[in-house]
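First up is the structure itself, then whatever we jot down about it.
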Amino acid sequence: MAASAAAAAAVSQALRDRDVLDAVGTSAAVLSLAGSSFIVLCYLLFRELRKFSFKLVYFLAVSDMFCSLFTIMEGLSNAFYCFAHDYSAHFFCVASFLWTTTIAFTLHRTVVKHKTDVEEFGSIFHLYVWGTSLATTVLRSIGSDYGRPGTWCWIQQGSMGKVLHLVTFYLPLWGAILYNGYTYFQVNRMINNATRMAVGISDRSIQSDVKADKKAFNRWGYYPLILIGSWAFATINRVHDFANPGHKIFWLSILDVGFAGLMGLFNSIAYGLNSSVRRAIAERLDMYLPERFKRSLPTLTRFKSQQENELTSLIVDASNT
């Protein structure tokens with residue numbers, strides 16, 4: 001009797017923990033879905049945003065949107081649905097952080113290498129992102145029993161399944177983190193050198209331009225931390241699970257699903273809500289809002305006159321020289 005009661009209590013606690021994790025993961029994914037959908041909507045509505053640099057942000061937002069959507073969707077007991085659901089979630093989540101590497105590559109090639117041919121890489125970017133995402137997803141599905149043993153319903157309990165998950169998801173993830181960190185370091189070093197050179201130049205316009213670029217890149221330099229912040233706890237959780245199978249840390253699992261689910265929101269704020277988007281929104285508000293509402297939004301004037309200092313304009317301007 002005592003053993004049965006203990007087993008029943010353990011099962012009940014596991015179900016409660018699962019409900020909490022599902023609630024945290026779904027709530028985070030809903031926020032990411034809203035943020036990424038907003039960026040997609042802005043790209044579709046505002047023609048002036050449809051430049052190459054922001055097109056990369058658009059595809060990043062599309063990937064985040066579907067990654068969040070499939071994360072929100074509850075898997076049914078049907079094994080095939082379970083496989084299709086997580087197959088899609090894996091595909092778009094991998095595509096999301098791969099798109100950040102294309103943005104980093106574009107920035108590095110434009111600023112550090114002084115190349116103006118970035119638009120020629122559009123087709124290569126698509127092949128790289130979608131092809132790599134498909135390859136890792138197919139490889140991850142090999143040997144899957146399509147069951148529901150965990151939050152990702154087709155993760156295997158055996159060591160081979162865990163190794164495949166680490167190789168096909170976390171290896172590309174941390175590869176993207178390292179690459180983004182390296183490229184942003186190179187770009188920041190280039191801007192620092194330009195800043196030091198501008199100090200000895202009497203031309204105030206050159207000094208002003210360099211300071212503006214430096215201010216923009218100081219912000220963009222922190223963007224590799226988005227992937228780290230989103231997936232650090234998930235990585236620690238996977239490594240712990242691999243080293244100590246069957247010994248879950250509940251609070252670590254909460255941080256895992258919570259921060260990973262917020263990746264789309266972080267990306268939409270960092271990559272999407274730049275001055276070009278804010279100005280496009282401000283112009284539409286200024287065009288259609290009644291005058292009495294405009295007076296209560298003094299930032300409209302500031303956004304209309306704000307000079308473009310972020311990645312989008314820098315890449316576009318360099319491409320047109």
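Every residue, even glycine, has its Cβ placed from backbone N, Cα and C.
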Annotated transmembrane segment segment (source TrEMBL; candidates 4-23, 124-143):
124-143
Verify whether three or more Cβ pairs under 8 angstroms connect the transmembrane segment (87-112) with the transmembrane segment (220-237), leaving out any pair fewer than 6 apart in sequence.
yes
I'm a bit unsure how to read this: which one of 26-46, 124-143, 163-182 has the highest number of Cβ pairs shorter than 8 Å with the transmembrane segment (249-273)?
26-46
